[in-house]
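Quick notes on the structure that follows.
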């Protein structure tokens, strides 16, 4: 077993310090000032009022003399070549194709690289858990990421075994510490994630997800599972262990950080297409919508990204609409400074692929909000906005009329002349629909 002790001040991680973090994994900039678009200004002609398992426990008597590895010597071994895949978590830009802007920074790679401490003044401090006896290795609060990354996985195997076995301890403190150590062991290296997954950690971590009375244990467990899920074979292991419902439980009951990491873990599992329907049918959509509405800026981004991935399945689109996702999406489209408007439009565009999605977008004032983006949004935002409007109007004369009444033609004409190539093409296509004789259009569309 390896004594994991900090060798660098900036890598010091204490459980106390961690609990005050919103997201222990990466730097989140302070929230920018939010500007609400004023619906009704500029080129508006007529306004509608639509907007609105274990081989025997070894956790007893763990003393320092039990440690049989010398970290300094281990660290002198030649460095291990790190896989570039550690920094390519979900390849969201590929997954989202044209919607690469809808992405999420997972497992703290950015914060680790930048060495920037995280703080969130908005998070209320929670009382610390009552300490219990916890001796030896698992008692240590310091943890050196640099030393871990210089040790071969086979040398870490005794440490991993102790941590996994300790997850079955009757002591809450021992289980909490073991989950935390596994969490950090799995943070950055694919080899460690594979080793931990093969050591039986997943089924041992799952019961800790239900520890809503001990939010710290729950948070360590869900984050450990998130990090483990970045290793492809672990996705299947986690899913087959029945983790989906427990992750959804965390999404409903956890701390803000736990909810965010549960959403990201579900996103990681959803990269297997067969899991998307299962995640939706287990009830993930509604708590994701709640996170979108009530979460922090980070939580909203995680919810948006996960919803987008899940909503590639038609039935999940319907579940999202029924859960009331459209109204908060339209509201986010109208907010500047949060970095969420484009991501919200990506999800709206997905929901516009079904009729009930179109109806809900129109009822919640989506046309007016999208016209505003075409007028003064970013280039990428304008592309998303015109794409969604085209989806709404291609088969509906009524929605075309509403678009005209919202003053949509002048900004579309301007976009067709000055927008990006993609935006120009879609604007021209939409303008052609708007110019169709009403009688001809009405005979071919509802």
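Cβ atoms here come from the backbone N, Cα and C positions, even for glycine.
TrEMBL does not curate its annotations; it predicts them automatically.
In the predicted structure, the domain 'U-box' (176-435) carries a mean pLDDT of 95. Look at TrEMBL and you will find 176-435 tagged as domain 'U-box'.
Feature annotation from TrEMBL assigns repeat 'ARM' to 200-243 (among others).
When DSSP labels each residue, the repeat 'ARM' (324-366) comes out as 29 helix, 2 strand, 12 coil, counted as helix, strand and coil in that order. What TrEMBL lists as repeat 'ARM' is 324-366 (among others).
Under DSSP, the residues of the repeat 'ARM' (200-243) split into helix, strand and coil as follows: 35 helix, 0 strand, 9 coil.
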